[in-house]
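J.: Let me give you the structure first, and then I'll get to my questions.
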Amino acid sequence: MADVAPPAFKKRANKNSNIRKRPATTALDDSASESDYTDDDEAGIRVKRRRKEGVKVVGETQRQSQTFSKSTAFEADRTKVITANDDATKSSNWYNEASNAAETVRATARHLREEKESGDDSYKGSSKYSDFIQKDTNGSSRQVGPVKTSTNVRMITVTDFAPDVCKDYKQTGFCGFGDNCKYLHIREDFKQGWQLDKEWEKAGKDKKPGKKPDEPDSEEKMLENIPFKCIICKEDYKRPIVTKCGHYFCEKCAMVRYMKEKKKGCANCGVDTGGTFNVARRLKELLERKREREEAKQKEEEGGEGGEE
């Protein structure tokens, strides 16, 4: 049997033996510590040193003492340049040229008068002639004519083309507020200009020479003082009745108001009716005649328009 070789063991080297150590630095004086350059730079070793700086102490500024006994002074900012603007109160002196010219003429005449009084008789030319007309100094110096309005006031004129018309008065011809009503009491229909011209021409054709203008008869005068519709239901009169105070209503409206609603006073003036209602035969006849006249007038207008077309 062959001999077995004995095992060989290798000793491992120390891990830290291969590390290069930096030489110890020498102590430097204060002058050398202030600079960033050292001798180690020549040996290839770069040593970073920090500059020693003194700690700066910043003291708090002393606060200024404030005195509240003095009054507050306000001052405008005068750095802004004033420029022309187009505001509502913008003014101009375009219309003052005449007054300025008159003032210049007066100043020239005053200067010539002073020179004449001083004794200078030399010829000044035709433009320097003096005015020998003596004016009345006791008269009023106020100018007559249009007066220029103030430049610091803006005037606005508003025309209301949609007036607030009283609804009750327009529908029934009666308003409980009377003259104290703030709405307009009119019942007319607005017409265009050509319609007014046409009516005027038609009235001129129908008018005969020597004939007096038509005067409203007693029936129309009576109807002017009576609402053309019932003020309770705001519709045309149905079997109209009249109260003892002289006001007209529909028979049904007056009876319902008196019997069911227990309102004994007149709906117009508030006087106690006592349940007494009379048939208004006169008003019924007047309303029928008025309706016939309006229908006839409307037919004439329609016929005239058709003939002209």
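Every residue gets a Cβ built from N, Cα and C, even glycine.
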J.: Scan 160-188, 218-246 against TrEMBL and say which stretch is down as zinc finger.
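T.: Here TrEMBL associates zinc finger with the stretch 160-188.
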J.: Residues of the same chain, at least six outside the zinc finger (160-188), with any C-beta under 8 angstroms of its C-beta?
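T.: Sequence-remote neighbours of the zinc finger (160-188) are 226-231, 234, 268.
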J.: For a three-state summary based on DSSP, what are the helix, strand and coil counts in the domain 'C3H1-type' (160-188)?
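T.: Helix/strand/coil tally for the domain 'C3H1-type' (160-188): 9 helix, 2 strand, 18 coil.
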J.: Can you check how the pLDDT averages out over the zinc finger (160-188)?
T.: 82
